Structure formats: structure tokens, C-alpha cells
Amino acid sequence: MENFQKVEKIGEGTYGVVYKAKNKLTGEVVALKKIRLDTETEGVPSTAIREISLLKELNHPNIVKLLDVIHTENKLYLVFELLHQDLKKFMDASAVTGIPLPLIKSYLFQLLQGLAFCHSHRVLHRDLKPQNLLINAEGSIKLADFGLARAFGVPVRTYTHEVVTLWYRAPEILLGCKYYSTAVDIWSLGCIFAEMVTRRALFPGDSEIDQLFRIFRTLGTPDEVVWPGVTSMPDYKPSFPKWARQDFSKVVPPLDEDGRSLLSQMLHYDPNKRISAKAALAHPFFQDVTKPVPHLRL
């Protein structure tokens, strides 16, 4: 750790404080994440160290690079490449004008490329949200915190007791499914896609049941026809109200037919029928994809 000089605190992640720091030997400016674990007394679990070490092998232009893992007396620091801003802050700054469609398309395409790469290596994210999608001035967007959920679990609250958001959580997780797949990340990205387009969260729930009911009110309450096996999931209740599905033209009015078609496939209830990242990249929506540069107010 003595090789790094903390410059400033840049945020608070799910697992601990994030600092902008400088490598004293190379002059490289990085993001330094201090991981706070409940097990600080016993030290860092060896399983977590193993999981994290594997992530150093995940090299892709749309994945935030894990440069180093520093494990010193019961503390764990992760050294990542540093990017300008996260998508949440960018969306907030673009709230009045909105993000131009070519940029939304470019971002979604890049994120799907990052997901396809990780999923092909059997690595899930499990906690995708605008806060862990990072952008730079060149028009790139990258997925951050990949694989951390498997190493450390997804807590209910962050280390500062903030509630971890449910807005992007897939229905199979909310219904208590223990064995989930890469499809959970596609669901999250679908929610983020809709949010970029409409400038507001698609399903901003404030509890697990509110989250589920918001999904049901938009996509219709799922049954065995649309989602075989749903009625036998641990947290499914036959008493759930039966809502009808809304037309997607009302859910995401600015989107054209191709965009709505892709979104509906990303938000398919049945995880087995939900589109994969690889298949999504071939969708007609991306026929005219380009790589525009964002107007960043830094």
C-alpha cells in the first residue's frame, strides 16, 4: 500500500470507500477500492481472494481493468483503472436534454459486448446498475465491479448502511430462485436501457414486494404460460394481484420498433427465453450503431 498515495475520495461503493490514488512508482492514477468485510476479525476469506485473482484475467475494452489486488493485515484493496464518470451522474447531468439516441445505442452495444465476454467466461455480475457503469470522454463505457458479488456476496445494505438498490434486480432473484444464470445481467441492462431512453428508472421499487409489483404492473403478472415453473418458486404467492401487460409503446414511447423489440426480449420473464448478450448484439436495432462522443461536464 505504501506505493499508493491517496489523492481524494471519489465515492462509496457497495463494499467500501473508493479513492483516486497515484502509484508513486509509475505515476499512474488509479481507482483504489478498500473492501470492508464483516469478517475483518478473521481476515479475508481465501475463497474471496481466489475469486478476485481470477478477475485479473478478464481483459476486455468494456470491462474496467482490475490492475492489482493488495492484501495486507486483514484488509483488501483492489486497484482499478480510473474513468471520468459513472452513468448515473451522466444521466443526471443529461436530465433536461436527454442522452442522444446514437449514444444510448453505442453504450448499450458496448455493454452487451462486455457482458458477452464475461458470460462466455462464466462470470456473472449480479449487481449491474448505472453507478457501476463508467464512461470516459472518448465515448467508451465499461462495466465495473464484475465478479465481486460472487467473491463477497450481494449485501442488503452497504458498509454505510445504505440500502442496496433493487431497481435492476431480475424477477427470478426477487422470487427467491437460488440458482440463477447470466440472464440476471441481461434483465438489469434492459432496465438501464429503458432508463437511458425515458430519463427515469423503469421499476423504482422501495422493497422486494414493491419491486415485484412494479414489474408485474408493467409486464403483467407472470403465470405458467409465460414463465413455466414460476408458480413453484420459493417466494411466489397465488394471491399476487393479476395485472395485465402494458403495451411497450406506452412504457418507452421514444423508442422505435427495433428498440422496443430488443427491450422486450431483454425483459422476458422466463430466464431461459431471455435474449443472451451475444444474440442481442446481432439485433437489427444495432444495424446503424456508431461511437459518438459524450458531452461531459467534468
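Glycine is treated like the rest: Cβ placed from N, Cα and C.
Taken verbatim from Swiss-Prot:
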BINDING   10-18, Lys33, 81-83, Asp86, 129-132, Asp145  ATP binding site
BINDING   Asn132, Asp145  Mg(2+) binding site
DOMAIN    4-286  domain 'Protein kinase'
MOD_RES   Met1  N-acetylmethionine
SITE      Lys9  site 'CDK7 binding'
SITE      Lys88, Lys89  site 'CDK7 binding'
SITE      Leu166  site 'CDK7 binding'
Lys9 (site 'CDK7 binding'), number of other Cβ atoms within 10 Å:
11
Let me know how many other Cβ atoms fall within 10 Å of the Cβ of Lys33 (ATP binding site).
24
For each of Lys88, Lys89, count the other CB atoms within 10 A of its CB; which of these recorded sites has the top count?
Lys89
Just the number: how many Å between the Cα atoms of Asn132 (Mg(2+) binding site) and Asp145 (ATP binding site)?
7
Determine, from DSSP, whether Ile10 (ATP binding site) sits in helix, strand or coil.
strand
Average pLDDT across the domain 'Protein kinase' (4-286)?
92
Out of Ile10, Leu83, Leu166, which has the highest number of nearby Cβ atoms, where nearby means within 10 Å of its Cβ, if these are the recorded positions?
Leu166
Can you figure out which of Gly13, Lys33, Leu83, Pro130, Asp145 (the binding-site residues) comes closest in space to the residue listed as 'N-acetylmethionine', comparing Cα atoms?
Lys33
Quick one: give me the count of other CB atoms within 10 A of the CB of Asp145 (ATP binding site).
25
Can you tell me how far the Cα of Pro130 (ATP binding site) sits from the Cα of Leu166 (site 'CDK7 binding'), in Å?
12
Rounded to the nearest Å - Cα separation of Lys89 (site 'CDK7 binding') and Lys9 (site 'CDK7 binding'):
16
